[in-house]
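**Q** The compositional bias 'Basic and acidic residues' feature in TrEMBL is assigned to 487-501. What TrEMBL records for 279-371 is domain 'CobQ/CobB/MinD/ParA nucleotide binding'. What TrEMBL records for 470-510 is region 'Disordered'. As annotated by TrEMBL, signal peptide applies to 1-36. Feature annotation from TrEMBL assigns transmembrane segment to 173-191.
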Amino acid sequence: MTLKDYLKVFRHRWPVIVACALSAAAIMWLVTPAQTATAQKASSYTATATLLVGTSADSTAQMGRIALYLTTGEIPRRAAAKLGYTGDPAMLASGLTVTPDFNAAALTVAATAPDGQRAAAVANAFADETVAFFKQSRPGTGNATVTILQRATPIPNVTGGGFVVPPGRAFRTALAAMLGLLAGLALALVLDRLDSRLRTREEIAAALRLPIIAEVPRLNRSQRSSPSIGVAEQPLSPYSDSYRAARTALAHTASQHAGASVSSTDVPRGYAAAQGRLILVTSAYPGEGKTTSVANLAASFAETGLRVLVLDADLRSPDTHDLFDVPQGAGLSDYLSRPEDASLEALIRPTSIPDVRIITAGTRLSHPASLASRMGGLLSETRGLADIVLIDTAPLLAASDVFDLLPLVDTVLMVVRNGRITEVAGRRVSELLGRFNVPVSGVLIVGVRTERSTYGYGRGYGYGYGVSKQKRGRSIGGAQGARAKRPAHDVDSKSDPDSRQTRRTSSSSL
C-alpha cells in the first residue's frame, strides 16, 4: 500500500480512530485519581546519611565496630529517645542499613519508612547520636572521631523499574489519548484488511468487469430518510446531473444494440433511435438504490421529450409506485395471472411527471416467481406503448425472478451502492450476466462521497442544492409549462405508429 492508500483507509475509518483515542483518554481521566492515591499509600522512602570516620587504629576493624555501635547498645537508645520512640530500640535499629566504604573511610546510614520525613528523621537521629557518642572518650573506641558528611534527605522508592509516569491527570490523559490514537490507526488497517466491500469505482469495475457509466453523489441524512425524484424536484443539482449522464450512456447503448448509428455530438438522435427499447434495472442486493434510480432515470428521459413507461416487475417488494405517488391497485401481477381478462393499456397510469407513466406491480402474490415466465408477451407489447421502457426488477442475488427477464430485454443497468457490495458478490453478478449473454450498459454507482466523484461535485461546481427556491421554482415550472403546451396524448395515440414517428422527428430536432 502507498501513502495515499493509507490516508484513504484512515479517512474512511476515522470514527474508529477517534473512538479509540477518546475512549483511552476518558478511561485514564476517570481512573487516574484512584491510581495516584494507591501509589502514594503503597510507596516507601529511603533516607541516607553519610558519616566520615577518622581513627588512628586499624580503619577496617574500627569501622566495623562503629557499625556495630550504630545498631546495638547506647546509640539506638539515644536515637529512640530523640525520636520519641517508645518501643524497643533494637526494633528501631533493625530498620537501618549500615554500609561501610573502606576506601573512603565512610559509613552510610540508610533508613526506610512509608513517610519520607520519618525516614529522614530516623537516619539523621542515628547519625547525630553516633557523632555525640564518639565525641566522648570511651574505652574500646580507639579514639575514633565521627563527623557527618551529609545529612539524610528522603528519596522515593519506585518498584518495578522502567519509565515513571508522572501522577498528573492531564499528562496521563494526553499520553493515553496518544496511545489510543496509535491503537485506532492499527485497528483501522486491520478492519480495512478484513472488509471485502467495494468502495472505489476501480474496485467495482474490476469485480463486475463492467464500465462505470455514472456516479450519483451521496445525499445527506434528511434527504435519504425521505426518498424523492431529485431530477424533477431539484433539476439543477449535481444529483440530477449524474442521472442525466447515466441517461446519455443508456441511450447510446440502446441505440447501438438497435442497429442505429449514433453520433457522440448528436444525442437527441440517439434517443429517437432508442424508441421502444427495454432497459432492465437491477442490483445485487436490496437497498442499493435500484428503485430510486429507475424513477430518476424516467424523469431524465422524459426531459428530452421521450415517452417513458415504468414497469414495476419487483413483485416481491414493490414500492416504485410510492415514489411516483401512485396507488398500488391492479397491475402487473393481475395481468399475468389472467391475461385473457385484463387489458395492459388499462393498467397504465399517469404520474405527476409529464411523459412518464407506470404499470404498478399489482396484487401481492404468494408465489410471484411463477409469473416471470409469462413476461415475454407483455414486454413485447410494451414496446409499442412508449419510447423507453424502464423495468424495475428484483435484486439479482436475492431472487430468481429476474433471470427469466434477462433474455427479453435490450440492455441491463446494474445499480451498486458504494460500500455495500462485496468483491465475491460482484464476481457472482458478473458470472450471471455473462451466462445469459445479455448486453449490459454498465454500472451506476450511488451514494458516492463528493470528494471521490469524478465530476468534481463539492469542488467549486456552480450548481447544486444551494440554488434558491425561487430560481428552482422557475426552472421546474418553466419545464412543465413547456411540456403543457404540447397536445396531450392518450394511450391509443401513443401506440399509433404515425404518432411515434412524429415524436421521433420532434426529438431529433432538439
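Positions of Cβ are set from backbone N, Cα and C atoms, glycine also.
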**Q** Quick one: mean pLDDT on the domain 'CobQ/CobB/MinD/ParA nucleotide binding' (279-371)?
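**A** 87, rounded to a whole number.
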**Q** Quick one: DSSP breakdown of the domain 'CobQ/CobB/MinD/ParA nucleotide binding' (279-371) into helix, strand and coil?
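**A** Tallying H, G and I as helix, E and B as strand, the rest coil: 32 helix, 16 strand, 45 coil.
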**Q** I need to check the long-range neighbours of the signal peptide (1-36): which residues 6 or more away from its ends have a CB within less than 8 Å of a CB in the stretch?
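**A** Here the qualifying positions are 167, 169, 172-181, 183-185, 187-189, 191-192, 199.
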